[in-house]
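Chemist: Mind looking over this structure? Questions follow.
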Amino acid sequence: MGRAGTGTGGEAVAAVVAGPLLLLLLARPPPASAGYSGKSEVGLVSEHFSQAPQRLSFYSWYGSARLFRFRVPPDAVLLRWLLQVSRESGAACTDAEITVHFRSGAPPVINPLGTSFPDDTAVQPSFQVGVPLSTTPRSNASVNVSHPAPGDWFVAAHLPPSSQKIELKGLAPTCAYVFQPELLVTRVVEISIMEPDVPLPQTLLSHPSYLKVFVPDYTRELLLELRDCVSNGSLGCPVRLTVGPVTLPSNFQKVLTCTGAPWPCRLLLPSPPWDRWLQVTAESLVGPLGTVAFSAVAALTACRPRSVTIQPLLQSSQNQSFNASSGLLSPSPDHQDLGRSGRVDRSPFCLTNYPVTREDMDVVSVHFQPLDRVSVRVCSDTPSVMRLRLNTGMDSGGSLTISLRANKTEMRNETVVVACVNAASPFLGFNTSLNCTTAFFQGYPLSLSAWSRRANLIIPYPETDNWYLSLQLMCPENAEDCEQAVVHVETTLYLVPCLNDCGPYGQCLLLRRHSYLYASCSCKAGWRGWSCTDNSTAQTVAQQRAATLLLTLSNLMFLAPIAVSVRRFFLVEASVYAYTMFFSTFYHACDQPGEAVLCILSYDTLQYCDFLGSGAAIWVTILCMARLKTVLKYVLFLLGTLVIAMSLQLDRRGMWNMLGPCLFAFVIMASMWAYRCGHRRQCYPTSWQRWAFYLLPGVSMASVGIAIYTSMMTSDNYYYTHSIWHILLAGSAALLLPPPDQPAEPWACSQKFPCHYQICKNDREELYAVT
């Protein structure tokens, strides 16, 4: 069967030597353990695929993983993945292990956080490998997959889960981890085609023989048989057959070893995948010097479908347009040829086809329903089958939801409706087994009874293929009770981007990798999981309201600097503080998830105004402390605010958006204070009370607030630490505002309007002079 192996290397085979390494891989023959030898190189060709590297992120949700999509050609016999990882050299770079997930047909369903999935969700663990980065800044790993399934293969890579710490962009040193996968495909070009019921002679030497057989629609069974086996190196028939492809994470590839097996050697495959080529590899087990001769025969058992008549429906809906799965309406001439060339099942019918309408509603959003828009009739003689076409290549990025509901009046205590959901081919063996297993796929079972008339199934990221829903009526206690029984089942079949739109505590986001689109949920308020349904760390409604009140009411602390500014006639500064208080309050009221939400404007507008107000408040406070000339101060107020607005438009979360203007304002303030100290030959401000009761407490509050804002905030304590930041910022502004200008002396010159008299103070004598 297919193997997946890993290997790690050091700096000598790092990303910088990826080109020479791939040339060596191209020149080297496949390993002998995979069943290949140098003589088989004549019939094998190699192809190389690569994608641009991407910077990895620490995992917090599915959007943190970097997704790569590769197209594997048909007749591939070996995949060699070269996984290259590199990092920057610096103190910020630590040892880490990159996790790489693989899946065939759809993006891998991963769960690094160990969260729970919604009820009725079918999840298969992903196949993954780890690439450590410890002593060297570069590392690589290789993964081999023999006999891979053709079509789309997806690779997802990510760093370990994040620490949930909120860091300012540009403040803390960062480390870039870069990942690049490359794919080397070995495919066979010399392959023999097996025709149904026609023996195909084969002679095996030291290299394997590659065969393939086409399985058309409505094939119930495929029988592979080895006949007339002759070997000169051992007794019996030393041949190993490998049938079918490898699909990670699950693998149902069949391996038949005929040594010592009953003669003739046979392999029966129920419900093989329809409408595709099935690859068969024959290998000799006698060693390099022995030969084995045999004849391979493929026998197909045709399935006669009973089709639901839809002509009256089509005639009554001529003005409507449907995209129907017409392949399920009636047997085509090809199906009749299959019956003549293969074997026809003796029963009159093996399944009942129900035509299905596919309605494309939006991106990764499809609605399936029976063409007659009524329920499906389920009986006991044959399965009722519905085909869901999810083979466009763009349908694997959502979630397939299936909901069944049985008619209450028709369900009796002794009857059970059994359903199976399978890809590639329907499950038809309800009379012999209920495990929903076809030749190369483990299906998903559902059941309806008188006690449970509803059944649901959710398949995240379904594989690109035709999916089939099979239903049949069963009577476990007495089969005769089901002979005349009929149950109508209502089906609700959807492909949705996100289940329930991620609920009230999540947001469904559409992600893109080149032209491929897929969806995922981003959760809030402590909710986690695939659809934001895991409440193990969730906040209660009371906690959400308390958090909202903390973040909004803490802005009332800005009333203190507003009052101080008005009292000291700093009206422009008071206006800036009022603006900051207003938009910070309503931004945080809109930023909350769940029920405690209030948005008076769009979220983006509120966020921009909040960031602008915060930067402008710090800017005007520092400039006000500089005690500039009135005209110059207001000019700098305006210019600084315009610069902050421009920088926020360029990068809203950049650290230098606020730090740059604030440092410039601090330089102006320090220069003015130094000038006054030199001019007056004493410390400025001159009053020790000003230093002790205003400046030092204000600077201390601002320093503590900056420390909390830059180094202590996490996703868990954000509501408390950010509220403290609001209080400290507003309190420091109230303390740092300078006192008003000194009032005019009684004898200072003042202009009397409108009489145009000027009263002046005489420095030599206390007399008034009227001019």
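Backbone N, Cα and C atoms are what each Cβ position is placed from, and that goes for glycine too.
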Chemist: Among Asn232, Asn323, Asn407, Asn413, which is annotated N-linked glycosylation site in Swiss-Prot?
Modeler: Asn407
Chemist: I'd like to check whether Cys599 and Met712, as annotated in Swiss-Prot, sit on the same side of the membrane - that is, whether they share a topological domain name.
Modeler: yes
Chemist: Labelled N-linked glycosylation site in Swiss-Prot - which residue from Asn144, Asn435 would that be?
Modeler: Asn144
Chemist: Within a 10 Å radius of its Cβ, which of these glycosylation sites (Asn144, Asn407) has the fewest neighbouring Cβ atoms?
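Modeler: Output over glycosylation sites Asn144, Asn407: least Cβ neighbours within 10 Å is Asn407.
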Chemist: How many neighbouring Cβ atoms, not counting its own, are there within 10 Å of the Cβ of Asn431 (N-linked glycosylation site)?
Modeler: 13
Chemist: To the nearest Å, how far is the Cα of Asn144 (N-linked glycosylation site) from the Cα of Asn431 (N-linked glycosylation site)?
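Modeler: If we compare the Cα positions of Asn144 (N-linked glycosylation site) and Asn431 (N-linked glycosylation site), the gap is 39 Å.
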Chemist: Roughly how many angstrom lie between the C-alpha atoms of Asn431 (N-linked glycosylation site) and Asn407 (N-linked glycosylation site)?
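Modeler: For Asn431 (N-linked glycosylation site) versus Asn407 (N-linked glycosylation site), the Cα atoms are 23 Å apart.
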Chemist: Just to confirm my parser: what is the rounded mean pLDDT across the topological domain 'Cytoplasmic' (739-771)?
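Modeler: On average, pLDDT over the topological domain 'Cytoplasmic' (739-771) sits at 48.
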Chemist: Name the secondary structure element type, per DSSP in three states, that contains Asn431 (N-linked glycosylation site).
Modeler: coil
